[in-house]
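What TrEMBL records for 26-143 is domain 'Acyl-coenzyme A oxidase N-terminal'. If you look up TrEMBL, you'll see THR149, GLY188 marked as FAD binding site. According to TrEMBL, the domain 'Acyl-CoA oxidase C-alpha1' annotation covers 285-446. Taken from TrEMBL, the feature active site, proton acceptor covers GLU431. Per TrEMBL, the feature domain 'Acyl-CoA oxidase C-terminal' maps to 485-665.
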Amino acid sequence: MSEITSSIPLQINPDLQEERDKASFNVTELTHIIYGGIEKTKKRKRLEKLLFSDPFFQEYQNVRAFGSRSEYYAASVKKSTKIFKLRRQHKWTDEEYETVLDICHDDLALTLHHTMFIPALERLATEDQKSKWLTLAKQYKIIGTYAQTELGHGTYLQGLETTATYDPQTREFVMNTPTLSAMKWWPGSLGKSSNHALVLATLIISGKKYGMHPFLVQLRSMDDHKVLPGVRVGDIGAKMGGNSVDNGYLILDNVRIPRNNMLMKNAQVSPDGKFVTRGPSKANYATMMLIRVQICTMAYQVVSSGATIGIRYSAVRRQSKLDPQDREPKILEYQTQQYKIFPGLAMSYAFLFASRSLTRKYEEAFAEIQRGDFKSLPELHCLSSGLKSFCSEHSVRQVEIIRQSCGGHGYLNAAGLGMLVNAAAPMITVEGENTVMYLQLARYILKRFAGAMSGQQLDGSTSYLSMDPATYVCPVMSETDCRNLTALCDIYRYRSYMTVCRVARQVQHDMESDMPQHVAINKNLVDLVRAAKAHSYYIVVKDFVEGVDALVASAPVIKVLRTLCCFYAAHGIAEYSGDFLESEAVGLHQLKWIKNLQVSLLGEIRPDAVALVDAFDYHDITLSSALGCYDGNAYERLFKSTENDPMNKEEVHPSYYQYLKPFMEEMNKSKL
Ligand SMILES: CCCCCCCC/C=C\CCCCCCCC(=O)SCCNC(=O)CCNC(=O)[C@H](O)C(C)(C)COP(=O)(O)OP(=O)(O)OC[C@H]1O[C@@H](n2cnc3c(N)ncnc32)[C@H](O)[C@@H]1OP(=O)(O)O
Ligand SMILES: Cc1cc2nc3c(=O)[nH]c(=O)nc-3n(C[C@H](O)[C@H](O)[C@H](O)COP(=O)(O)OP(=O)(O)OC[C@H]3O[C@@H](n4cnc5c(N)ncnc54)[C@H](O)[C@@H]3O)c2cc1C
């Protein structure tokens, strides 16, 4: 036993090396594709080196794992300020900063400053306001957050109760929290970090309400960070995950701010109290749309990190017997294990292509909007709402399955999977709760479908709704057809069409039976969400197929991505077979073939599984997982992780002297 130590072997675990040696493609080539080219990969590596050469980033992992909430928050403030300083020093672009956040894989305490406060100033402030506040924010002379959600309302923005009442006498707004349910509750970086907040409040002029608008409010003194008069602010408490962030509450007691503190790009209040709007009424919702797009990319990062951990661990973990004559196999050999993890692997690549396509559409539409052309806004709102919901829902669910696939060790914090699931879980809720956002998409689809029925030519993501369903014949005529990506995509498209068509007809029928519209809609909400999910699934499959088709890469890379794409599509049809049969997108024969294909693809993906996750090129510090480390020395790293555990500091824990010792003494003396 004396040879057992917690030192990490210098060499790669031979079981993992064996996997790398048999990869059918060049991993580096795929890494460059994932990061958008060789230059971007190199830049990412340089940033990684810059960050991780600072020992603090390693120490931070320990605080995260073993520190108290307050210690974790403090370390995260330190991490935020280090990154902010580096950003200024190296003049990082937004893209470089995003890369740094990807490398860190963790919520920063001051995260909202860059995630929402600055983007909101960019989108909602006039040029004059930007030259003042955006400059201050970018130079970190003020630190801010985005305070919209209230205790009583997060989803229904028209229900927000915080008021901004204009006082023409003093040319000020009076910011007020009239009730308990009106207090801001949830904004990140609000509780302890921010000295300013962009407060979203109902504008009132001469007793009349003008909807939700953004107001810049100073919360804390710039000298000593003390809370200003009329302001009550604090942390809302520990959460399931993301505890480095001080999500906060805020109560404003008739706090006065100058008129110019209303961000007036989309609507203005003149000094004498006249209200004028510019652009569509939802222009003030612009920042939310940006984050919805980013959540799709986060979902890719979450699921690809989970897949990396699950696959590397499954390649070094041996358990039970397959061949009774042979040694215990790697658990990755079990078909059931592959079936638990490979959907997450395929999903990673699917979400990579889908989020890339969505980001491109967002950037194009944003450029148009900046020029005052809002025609793409409804399409983009609905596409981003649907994909945000779809990607977050599927990635969080899949990572939890991967966690379970790692057996007992997956339950340890050191595995990194529980923390990942808990940190990622709010993606389902933030920036619009998923069901609500699916329903936004459903509402749009119904309108487009009605347009198509009345002969309108549709464009964009819903253009297929003008198809003639009578012309559909399932494009899979034989088992080999199942590998045809275009055919699989057509199946998804038709299933979506039929799901939309059924619910649209049902809503119409209910309304024609004299049901009020809101009753008819509520009676069909479950099917409306189903339609939005079917549409989103189709878009993701389509983006994956088109992304792979458009790739300029070596034949082995194209082959392996086509295999993954085929598996992703086949797996979805098998998982939701009821829906596909019900919509008659496939028949029983086709379903059987597709299910067979899905299983045989597991075996085809198997030899490349490790290489496919290596291509994500996650640094060990980024993954923060003893099970998923690059060298595959999982057992040594698990044992090593116990060294930092404060529970192991003393040979005899103080609780022994306090409780266990007296208890044992009492028991030993007892005559019973
Ligand atoms: C490996 C990595 C590991 C780490 C992982 C880290 C993960 C970390 C996780 C997470 C961190 C991310 C960072 C967190 C930050 C969070 C911040 C926040 O949460 S800020 C609060 C967000 N709040 C919402 O999003 C409210 C949601 N509600 C709404 O947006 C609206 O109220 C809505 C859409 C539900 C309804 O809006 P109505 O009630 O005003 O209006 P109606 O009547 O339904 O619609 C009117 C019209 O407006 C359009 N519309 C609505 N929103 C629109 C928009 N944004 N743009 C354009 N049109 C819009 C609609 O389509 C509709 O159009 P027609 O009338 O049908 O033509
Ligand atoms: C970690 C985290 C960070 C956050 N950060 C911020 C931040 O920085 N700034 C900020 O302003 N906010 C923030 N939020 C708040 C967040 O944006 C809201 O929680 C979110 O928008 C959901 O709103 P809600 O909590 O009101 O949910 P609710 O609307 O109360 O949802 C509860 C249930 O009601 C259902 N429901 C509600 N309305 C409908 C409907 N119309 N049709 C059908 N079902 C419905 C939902 O589907 C859900 O099942 C954060 C939240 C979290 C968890």
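Our numbering is plain: 1 for the first residue shown, then up by one each step along the chain.
Glycine is no exception: its Cβ is also placed from the backbone N, Cα and C atoms.
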Inset, instruction - Determine the Cβ neighbour count for the residue listed as 'active site, proton acceptor': the number of other Cβ atoms within 10 Å of its Cβ. - result: 23
Legend entry - Position of peak Cβ density within 10 Å, selected from the binding-site residues THR149, GLY188: GLY188
Legend entry - Cα-to-Cα gap, THR149 (FAD binding site) vs GLU431 (active site, proton acceptor), nearest whole Å: 10
Inset, instruction - Write down the Cα-Cα distance for GLU431 (active site, proton acceptor) and GLY188 (FAD binding site), rounded and given in Å. - result: 12
Legend entry - Mean of pLDDT values spanning the domain 'Acyl-coenzyme A oxidase N-terminal' (26-143): 95
Legend entry - Structural state of GLY188 (FAD binding site), classified by DSSP into three states: coil
Inset, instruction - Give the residue counts of the domain 'Acyl-coenzyme A oxidase N-terminal' (26-143) per reduced DSSP state, in the order helix, strand, coil. - result: 94 helix, 0 strand, 24 coil
Inset, instruction - Please report the DSSP secondary structure of GLU431 (active site, proton acceptor), reduced to three states. - result: coil
